[in-house]
């Protein structure tokens, strides 16, 4: 299925605005969960690794809210990519700043709500604010495909014949009903044949009107049952074939080495790159940095710089002379170095500086859909991006508990952040190695070498004399 040419504007800017507010309301609180993490530590009295599961599941997978956030994120990114082509990087950068602005605002808002209404009241108010996502969703109008004006899955008849399990041309419903009617007429013929013998017709075919009406109702009922059975049979076959095709397309995606490397990189990136936004407040407290020394919460600094990073990296992605994949790899490698530097930060100033660097580099989320589109194409973006976001959420869920367990084991965050930096660095190098030989030319044939020309010296006729 091919979509219409992206308008690069028009209603697309309404889509951008709605997507920005959707990510603001959806991801503001989960990303600012570090504020709640301190409260949970005091409320539950458990270890850091066990308590970190609460925050990581809120931003990863496994909870109802997380499922909703995952669906919303994929929807906003996919529809934005459909509406924009030449300005796709800018549009993605704008919508992804919504979550960063939300992180900045919700970090301060949740502290204020906890102070006035307690932890339970804070969560109730945040949940009520999230209901405004319904209004944002009502503005999203996906582009129609170029070859049809109505959705393809509106009726069973719209499913192509190639979805038949045995790749055969199935008989349609009317033909099936005609066969049933012929069968009934055949039964009547048999009855008439038997009646032509010694048997009397009246004994076999009663002429009672009530009995005849009952027989007609029975035949009508049988026809309806046959129709429903046929419909269910065809529907089951075609649904199974759709599922089979989905699995085959998934396997085909993983045969693309750049996509496979991207899948590993995003998983390792979320294992190592997400913990700072959840644990940075506790890192400061563990480093004996007093809360009174905080002109601004570290999580708010991460949020501001993430918004700046998303916007700048998104704009850079639109330049033709910049290879977006290499730009993404560069952010991973630099982030790994910043993570490994956290154990050396013992003051608020150094922690704030590293928080700003990490926040800016986390802005690579704005170019990740761009990289995915370049890798698999716009037609497969929703399918590929859904797979990648599932494993990204899984990495979000595993990262903070692993870092917390490292702290419970060693009573310091040093080893934990070395591990985080190694994960991000490993993912970046794997992606770099997979993409080096073929990024822009992976689907293009190399030009054929020019034919070799051989020069031969013609012998003179005098040599034969």
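Glycine too: its Cβ is placed from the backbone N, Cα and C atoms.
The feature transmembrane segment is assigned by TrEMBL to 12-37 (among others).
According to TrEMBL, the transmembrane segment annotation covers 57-77 (among others).
Residues or ranges marked as transmembrane segment in TrEMBL: 89-108 (among others). Tertiary neighbourhood of the transmembrane segment (89-108): same-chain residues 12, 16, 19-29, 31-32, 34-35, 76-77, 80-81, 83, 126, 277, 297, 299-300, 302-304, 306-307, 310-318, 324, 359, 363, 365-367, 369-370, selected by CB-CB distance under 8 Å and a gap of 6+ residues from either end.
Sequence annotations record features per position, and here TrEMBL assigns transmembrane segment to 114-135 (among others).
Taken from TrEMBL, the feature transmembrane segment applies to 258-274 (among others). Within the chain carrying the transmembrane segment (258-274), a Cβ under 8 angstroms from the stretch's Cβ atoms is held by residues 56, 59-60, 325, 332, 335-336, 339, 358, 362, 368, 371-372, 375-376, 384, 387-388, 391-396, 398-400, 402, 419-424, 426-428, 430-431, 433-435, 438-439, 442, all 6 or more beyond its ends.
Under the heading transmembrane segment, TrEMBL lists 294-313 (among others).
Residues or ranges marked as transmembrane segment by TrEMBL: 325-345 (among others).
Beyond the ends of the transmembrane segment (351-372), by six or more residues, the same chain brings 77, 80-81, 88-89, 92-93, 96-97, 99-100, 259, 262, 266, 273, 276-277, 280, 283-284, 287, 289, 296, 298-299, 301-314, 316-317, 324-325, 327-328, 331-332, 334-335, 338-339, 341-342, 345, 381, 384-385, 388 to within a C-beta distance below 8 angstroms of the stretch. Annotated transmembrane segment per TrEMBL: 351-372 (among others), in sequence order.
Residues annotated as transmembrane segment in TrEMBL: 384-403 (among others).
Residues annotated as transmembrane segment in TrEMBL: 415-436 (among others). Sequence-distant neighbours of the transmembrane segment (415-436) (same chain, 6+ residues past either end, Cβ-Cβ under 8 Å): 257-258, 260-262, 264-269, 271-273, 275-276, 325-326, 328-329, 332-333, 335-340, 342-343, 399, 402-404, 406-407, 409.
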Closest-packing stretch to the transmembrane segment (294-313), where packing means Cβ pairs under 8 Å, from 12-37, 114-135, 325-345: 12-37
